[in-house]
Amino acid sequence: RWIKFEEKVEDGGERWSAPHVPALPLHSLFQLRTCLQKGTVLLDVDAASFKEIIDKVLSGHPEEAELQPGLRERLAALLLLQPRHQPTKSLLQLLTELTLSPCRGIPSGILPKAKGRSEPGAQLSKTPLREQLRNRFRKKVPPGAEAAHVAVGEVEFLEKPFTAFIRLRHGVSLGSLAEVALPSRFLFILLGPRKVKAYQEVGRAMATLLMDELFQRAARQAEHREDLITGMETFLDELIVLPPGKWDPSTRIPPPSSLPSPCRRTAADPPEQQPHGNGDMAAAGDRASPGHPRSGQELERTGRLFGGLLRDIRRKAPWYGSDFSDALHPQCLSAVLYIYLATVTNAITFGGMLGDATANMQGVLESFLGTAFAGFIFCLFSGQPLTILSSTGPVLVFERLLFSFSQDHSLDYLEFRLWIGLWVAFFGVVLVATEASHLVRHFTRFTEEGFCALISLIFIYDSLKKMLSLADAFPINWQYRLDNVTSYSCTCNLWWRRLFNPILPCPTSSHLPPLPSIQSPPTTSEGLSRTQCLERGGHLLGTSCQYVPDVTLISFLLFGGTFLSCAALKRFRSSRYFPAGVRKLVSDFAIILAILTSCAVDASLGLETPKLLVPSELKPTNPERGWIIVPFGANPWWVCLVSAVPAVLVTILIFMDQQITAVILNRREYKLQKGAGFHLDLLCVSLLMVVTSVTGLPWYVSATVISLAHMESLRKESETSAPGEHPEFLGIREQRLTGLAVFVLMGVSVFMAPVLKHIPMPVLYGVFLHMGVAALNSIQLLDRVRLLLIPAKHQPDLPYLRHVPLRRVHLFTVIQLLCLALLWVLKSTTAAIIFPVMV
């Protein structure tokens, strides 16, 4: 059988082989061409049953090879016999059969190679059999598929080969002829006298031709025999011959990971459409390619005030209803839980750093409330609701500098910050009105990859830094020696002293709480080591006698275990274990399963690992501030005007941060169908600046890594794939509900503190590491860095290596790495405020 690739029944006759690329003898193709030239060819046949088709084929045979009536009857009787199919059985069915009949042999009359043979005396059924309707193989057949039948065989009563190619006008169900109940369109029959393996190879050649998209198109559109021959000649023009002495014909060639499209086979790609992997092609150019006509409109200038914004609204309005209905899928539940935990961890991390930088004028609670409010509003009204808002590193640096400046010049920090936020919102609206977002056309792959790599490395670095800081909270005692446990709040109880001096209080020492250093009673047991105590017949008392400094160790094990589990379970979709539905379910819920497993391990051990702590009261972190910031009174009047100067810098920061992330999320490879909204997104971020500034909450902008993780958790793939074919990536599940649910959960996290406190922080840091690594793997830069370490003869066959000299690829990569290093150094200093300008 063939669906994309060939499968054979193994010699045991019990199972199908692995799918493989068919390898055909060259002479079988030439014989097939001869059959099509000299045999019967019937096109657009009107028939309702297989018997009617056979009657028309036998009556339409060429005169020079006209069959005798007796031969016609014998051929008709032979072709109308019921074929014997190899059923596709589940593992449970095979185990049941093995249990019920472990010694069952092969029934008489059935040979091991019984595929395609006919049941003795059984006639073809006009209606599908129960086995056809219940065949599990039906799930592998794509929707709308039709069947083609190839019948070849050797018969003793024919002196010359009998060949027929039939195309039905409409797909017709031919009863029990097919393995599964499908409408049939093509039939090929080849019967003749005995000739070793010749007919079987010609039949394989015909089936392979019918699986070829170009020949299939020619066969569907053919009006004469010559059109079929022309289609076959086209197939032969692309044929590649393998020399017989350089490979083993019995070797089955595995299916490739990707196949060329029929369009690329029919015509060479124009120069401007050929893939470039060296970074010369801008990402905006990718989006404006013919494959995505809408993308060009998103970044075109209209020449009118707010023209781009109005176009974004008109583009997104028809999809608004589907943005909620498309979220009704179990995959979205997994995405909500995954992104929620990532956002909670991020809010706690940035909230704590903001508290340290601003004397708790903004803290963890403000970070939670601001993230919940800003994220909810953005997901409800933005142009790209898959974007996740968060505080970012450059914003944190600006907050620290602004607070220090305010302290040095006796200014009220929150009031000064309020005016800066209002100016930033005003400048943002001006940028939207003047359609400044069209500048993202000039963001090249070079810029995108540099920015994405930097943010990914920050995630990786911060997660490792947080884990290493656990050594300060839970120090490892490198001088710990098991033989010196008596100095670690542990006492030695000597039984003979207990007998001759019973007033000693040693037995009660085990009831004392563990102390840094518990002094032994003034007896000769003081100073004895563990070995000496046991040698004298004593035993150890005290809770620290069995103490091992293992909190840091188990934290690192949870951290690494969570990261490896996330990566392994995410790749489980492409593994060979379990049915496809189970693999897909495990892959969709990979992050949640990894977190639950790590939490269960932590709970079973009972160690006091650092846990996730969220605020439990709705009051400002700093009691000296309120929830509404008054714009006048604390600072001189001229501050509201001077605030425009730092606001320009923040505007550049917000614009670059927001739009680069938007460009990355709207790449062509994600196959987004509902379009982007660059102007609308920038307007939402600008208006949110007003609310967060008035309430003293942190400022928010698109978070690159978390947004990419959100996109990856909503990947759609084809549910039916032919044997050997990889599931096709269909795009992203574009909707608003997952983001809304994430930020609603953020808002109620204050009331979920009793549940969240059981989640270890090392587990969440492991998720952070996975997000950073996954985002880093999604860019081409990492592939080109690997090329620097791989000898030329072992390098993978990447498309850009075929068109660009290797030295230029390396030069491009080195320049990109130097720029990335410069950005990293810049962001690590107080000059990080000019980070967007450097980008």
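Including glycine, each Cβ sits where the backbone N, Cα and C put it.
Database features, via TrEMBL:
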type	residues	note
DOMAIN	1-249	domain 'Band 3 cytoplasmic'
REGION	247-300	region 'Disordered'
DOMAIN	304-839	domain 'Bicarbonate transporter-like transmembrane'
TRANSMEM	335-355	transmembrane segment
TRANSMEM	367-396	transmembrane segment
TRANSMEM	416-434	transmembrane segment
TRANSMEM	446-464	transmembrane segment
TRANSMEM	551-569	transmembrane segment
TRANSMEM	589-607	transmembrane segment
TRANSMEM	627-655	transmembrane segment
TRANSMEM	676-701	transmembrane segment
TRANSMEM	737-756	transmembrane segment
TRANSMEM	763-782	transmembrane segment
TRANSMEM	809-826	transmembrane segment
* Contact yes or no, the transmembrane segment (335-355) and the transmembrane segment (627-655), 3+ Cβ pairs under 8 Å, gap 6+ -> no
* To do: Mind checking which residues of the chain, 6+ beyond the ends of the transmembrane segment (737-756), have their Cβ under 8 Å from one of its Cβ atoms?
  => 323-324, 327, 332, 335-336, 339-340, 343-344, 347, 365, 368-369, 371-373, 375-376, 378-380, 385-388, 612-618, 710, 714
* **Criterion met for the transmembrane segment (416-434) and the transmembrane segment (763-782) (at least three Cβ pairs under 8 Å)** => no
* **Contact yes or no, the transmembrane segment (763-782) and the transmembrane segment (627-655), 3+ Cβ pairs under 8 Å, gap 6+** => no
* Structure fact -> Model confidence over the domain 'Band 3 cytoplasmic' (1-249), as mean pLDDT, sits at 79
